[in-house]
Amino acid sequence: QQPPQNASRRFFTLSGLKDMTTKYRVTLFSLNLLCYCVILLVNVALILTIIFEEKLHKPMYIFLCNLCFNSLYGTAAFHPKFLFDLLADTHVISYAGCILQVFFIYSYSTTEYSILAVMAYDRYLAICRPLEYHAIMTKQRVVVLVCFSRLVPMTSQTVVMIMTSTLTLCGSHIDKLYCDNWSVLILSCHSTTPNNIVGFCNIVLYFLHALLIMCSYVQLVKFSLKYQERRKKFLQTCMPHLFCLINVTAALLFDVMYARYGSKLMAQSLRNIMAIQFLIIPPLFNPIIYGLNLTQVRKSFLRLSKFNKQLNRLG
C-alpha cells in the first residue's frame, strides 16, 4: 500500500480504458457522443412536451417528467468525462471530482428507483382504485411524492459521501471507467465498518422500495386479469415502467455484486459494458418507450412539433 496522502492533493487513476486501442477509442467516442446527444434530445423533448401541454399536467406525466430530468442529471455526471477520457492519453480525476461523480451517479440511480416506486404507486391507484384516484392523488400529494423521490436519495447519498470523504486513503487506483463508492472504500487505510453499516441501511431502504413496487404489481396483475377493460391500461402504462424497472435493477445489482464478489478474470470490455449500461439504456429508452407507447404524449408531441414548424414558416 502507498503511504497516506493529503486528500486535497490526491488524484485517482481510472484504468477502465487501459487495454483499449486508439482506433477503438475513436469509434467508441463517436458512438458515445451520438448516444449522449440522442439522450439529451429525447429527454428534453419529452420534458418540454409535458411542460407546454396542459393536458399532460397530470400526476403520471409529472412523474415521467421527473424521471427524464433525473436522466439528464445522471448522464451529465458520466458522459462528458468519459468522452474526454476516450481522447486523452492519461485517465485521471481529482479527489473532489471523484467524490462529486460518485455522489451524482449514486443519487441518480437511487432517485431513479424512488421515482419508479412512486410511479408504481400511482399506477396502482389509477388501475386498482380509480374512483378514489383523484381524491388521493391531489396536487399536494404529487408535490410530496416528487420531493420524496428526490430529497430522500439526495440526503442518503450526502451522508454516504460525507463519511467517505473523511477516510484516509492509501491508494489511488480505480479499476473502472468512473468513480464509485466501493472503489474508494477499498483504498482506505483503516476500517470502513461505519461506512459499510450506512451502505447496508441504504440497501435495506431501496429493498423496501422494491417490495413496494412488487406489491403494487401483484395487485395490478390481479386486477388486469380480473377486469378486461383495465388490461389495456395496464399494458399501455405499466409495461414500459416494468421494463425500466427490470433494466435498472439488473444493472445496479450487477454493479454492487460484481464490485464486491466478482472475478477479475472477466474481460475488461464486458465489465465496462455492464458497469455503464444503467447510464445509457434507461436515459435513452425511457422517454422513447413512454413517448411512443403513451398515446396522449405522442399526440401532444406531434401537435407541438407541427405548431413550431408553422411558427418557423411564418417567421
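Glycine too: its Cβ is placed from the backbone N, Cα and C atoms.
Any TrEMBL annotation is an automated prediction that lacks curation.
Annotated in TrEMBL:
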TRANSMEM  26-48  transmembrane segment
DOMAIN    42-290  domain 'G-protein coupled receptors family 1 profile'
TRANSMEM  92-121  transmembrane segment
TRANSMEM  142-163  transmembrane segment
TRANSMEM  197-221  transmembrane segment
TRANSMEM  242-261  transmembrane segment
TRANSMEM  273-293  transmembrane segment
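Here the transmembrane segment (142-163) has Cβ contacts under 8 Å with residues 59, 62-63, 66, 70, 99, 102-103, 106-107, 110-111, 113-115, 117-118, 121-122, 181, 194-195, 198-199, 202, 205 of the same chain, all six or more residues outside its ends. Sequence-remote contacts of a segment are chain residues at least 6 beyond its ends whose Cβ falls under 8 Å from one of its Cβ atoms, and for the transmembrane segment (242-261) they are 67, 109, 112-113, 116, 120, 180, 182-183, 203, 210, 213, 217, 271, 274-275, 277-278, 281-282, 285-286, 289. For the transmembrane segment (26-48), the neighbouring stretch richest in Cβ pairs under 8 Å, chosen from 92-121, 197-221, 273-293, is 273-293.
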